[in-house]
Structures are given as C-alpha cells and as structure tokens.
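The disulfide bond annotation in TrEMBL covers C238-C240, C271-C274.
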Amino acid sequence: MKDQLVKAFVLDGRVRIYIDRTTDMVQEARDRFDLHPTACAALGRVLSIASIMGSMLKSDQEMLTISINGHGPIGSIIVDAYANDNVRGFVSNPHVEDVYKGPGKLDVGAVVGKDGTMTVTKDLHMAENWTGTIELQSGEIGEDFAYYFTMSEQTPSAVSVGVKIGTDGNVESAGAMLLQMMPDATDEDIRICEHVLSGLKPMSTLMQEYDDSSLDQLVKDMFDDARILETRDIQFHCGCDREKTEKVLMTLPKKDIEELMGQDEGINITCNFCNNEYHFDKDDLQKILDKMNA
C-alpha cells in the first residue's frame, strides 16, 4: 500500500500514538540521491519521524526543520516537514561507507555519530521561530528523538523507527511509531505501554507484515481500545521549481550574474533537498539581469 500515517488515542485517551508507513518516501530519497544503504537508513529514519512531527502542526503554512550533526562520516542530516503531509531531506555524504553491527545489520549510529546535537526549528508563523536542541544520545535516531520529545517538548515518549534495505540497495520497508503520554497518564498506563512495546517486532518488519492493510489495523492489534482519529497520505515532495530558483539568482549581485554569463554552457543549479537540477543559459541569465535593471 502507499505511504500513510495514522493517529489514534489509546487507554481511554491517556496515551497518543502515531504510526506511519514511509517505504515509498524513503525509496524516493534513495533514488534521488543515489543513497548508499547506511545513508539511506539514516535519512529514512529521520524522514519517517519528521513526517509524524509534520502532522502535529496546526495550519498548512507551518513547517519544521530537523538538523542533525553527530560529527560522524555522514555529515549533517537536514529534513523539512510540512503540515500538508510533505517531507523532504538530504544528507551531506550520500555515499558514506557502509558500517555493519552484524551480518546484514546496518550501524546507523556509527555513521551519524553521537558527539553532536539535534535541533528542531518550527516556523509557526509567529514573531519568532521555536527552536529546541538536544545532545545526541546514540545517533541511532529513534533514541535521540525519544529524548528530544521528553526533554524539549516535555512529553514522555517512546519512539520506534526502522528502514530495511534489500541486498539490491532498494528500500523493502520503512516506518516509525511515536507513543506519547498525555498529562493524565498513570503509572499503570506506562506499564501497559512498556509491555506492548517489549513484545513488538521491529518497525521495518511490521511495515512488511501490514503492507497490504491499513495502519489502523496495526494500532488496533496493539491496543484493543484504540480510537482512530485520522489517517493521512504522506509523501516525499519538494516545492522547488524554476521560478523560485530564478528568484534566488536575482538575490545575487549584478556583477555575479554578469560573470556567470561568461560561461558558454550556462549554469546548472541543483536543489539540495531533492536533487532537481535547473539549467540557465546565457539568454536566461540576460533576462534575469534585465529584470534586475528594470
């Protein structure tokens, strides 16, 4: 099935749960950036959780940016998530050398590193953006986000996230789960949640097992009293286009545009977030210069 996200309340509304399937989304990122397996797993984990966080935003104009740098060989991981269910993102080093914990098990923490920070910046269309920063706990992504929600957003949370990469480098499954305690959650609620989570298969396995069914069913299989609030389609999507790229060029000094016109082949500008490339030849650059002089 296509990528989707489900939000529900369980345990009489004292616990909130989000689950998303992001297999297509992560495959899209893999294809766009030619991601090597460990880079794909790392970016895929962040995309999966970012999609959940985007669904928490209130209006379509709101968005958030997640920036992770653990000083590992992958470099930075940057992901944008929007309230309209679109996410996009990239890593500094898409071809980072793969590291394994064991046979077939990628070591995401080793390439991300843990000697750094994760920053979440929310553009809520207020006077100032909201920013929260935490020290990375492991670089494995799931544990780091659980710590972020608990410390920065003051909401005790459990996070499970997984990306399974096939031997051919393609994404076989991907998804994430966020389970959050509401203010009236009891110690018994926490015990029940811990029990459910302890018996849960890895997210990548669950996404394969529930690939032909709605995620609603997964939530109901986990908690008998689940009350489904909404199910949404999600996707990797970048809002860049030629017109926006042209506007970026128009922010350059005129002398820089004139220098670019000296290149016979013109220039190519690549979007960091989706790897789309936009070509501007001499005539295009002259038109931009004319607009700047108007």
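Using the three backbone atoms N, Cα and C, a Cβ is placed for every residue, glycine included.
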Taking only the Cα atoms, work out how far C238 (disulfide bond) lies from C271 (disulfide bond), in Å, as a whole number.
-> 9
Round to the nearest Å and give the CA-to-CA distance linking C271 (disulfide bond) with C240 (disulfide bond).
-> 7
C238 (disulfide bond), number of other Cβ atoms within 10 Å | 18
Protein Cβ atoms within 10 Å of C274 (disulfide bond), excluding its own = 19
Which state, by DSSP, holds C271 (disulfide bond): helix, strand or coil?
-> coil
Measure the Cβ-based neighbour count of C240 (disulfide bond), defined as the other Cβ atoms within 10 Å of its Cβ.
-> 18
Just how many other Cβ atoms lie inside 10 Å of the Cβ on C271 (disulfide bond)?
-> 19
Do you know offhand how many angstrom separate C274 (disulfide bond) and C240 (disulfide bond) by C-alpha?
-> 8
